[in-house]
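Student: The structure that follows is given in the form of structure tokens.
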């Protein structure tokens, strides 16, 4: 639940607005109320810049949503940002100022999630909700890990994270060695148990459920990545990490995708292959199309045909589509499908067979089904027989 909506109202967006919507709103308002263009709107420009500075940063935005402007103003780490004035924010946004100062800011780790999607969702586009758990800065202690007023700086190292030990002294020379502070483990802070924040138990962050809205555009591809900037784990002194969503396409029972084309196998009978076929196919958007071949058009086994512009929509150009490629499998009739006395009728329909010119010593042979496994078994038996014949067994003399 959003506690205050003032910053959202200034930019004219909903509290549920995405980062892109906030960015577009700031661009429009900043250009409209910029002092160079509108000299009397200086205060308005400051409000717009302040609202954008908070809402464009995911950690600041979450803190604002939960605690309002007082939470932002009470957190010193957020006040010391890279932008000290509204013009700094404008320059950073429009690229008119060097970003070198922000390059040194450390960033949290990037987290990757895989999202299983259907081919229908990649064809039609979809919106999915993804629930994740992430670390957010503790609102009670504002990321200090300690209750208000308590001392957190390590007394041994005075907040440096290292301690110096003197190993020995020689006149004019002092031998010393630096090591990680044993009290704070190099953190520079040492919070006593009694001084820990009760809400986060001194960890400075708490786990929170976050719902990401994933917009799947038409034509997106398998393994395509979407980056949610600043939506990863938060930690004091670090820029929030990113979350990367990788789309994983599930196998489809009918269609296979090949770039922007769709490939399918279609089984037809011999009669359909010779006399023309009509086969209905349900497309990925729920329509039914009728695949028709013209009478007299012969479809050969394993022949490939296509329907133009019936494939996948192209990403970011959904009105352009690939092709639907159809690979035909012709099912021939089983033996004995027609009585022998009717074969003559069939022969009269088909083109005349050519009669071979046979020599006098021609021999008739019959066809039989071929079984590769039987041929292998025969070969194995022959090898065993030959091996037995090649083995020499010398005769032994009997003792007299």
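Every residue, even glycine, has its Cβ placed from backbone N, Cα and C.
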Student: Write down the single range among 305-352, 353-400 that appears in TrEMBL as region 'Disordered'.
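Tutor: Comparing 305-352, 353-400 with TrEMBL, region 'Disordered' matches 353-400.
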Student: Using DSSP, what's the helix, strand and coil tally for the domain 'J' (6-68)?
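Tutor: Result for the domain 'J' (6-68), in helix, strand, coil order: 49 helix, 0 strand, 14 coil.
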Student: Based on DSSP, tally up the residues of the zinc finger (125-209) by helix, strand and coil.
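Tutor: So the zinc finger (125-209) is made up of 3 helix, 38 strand, 44 coil.
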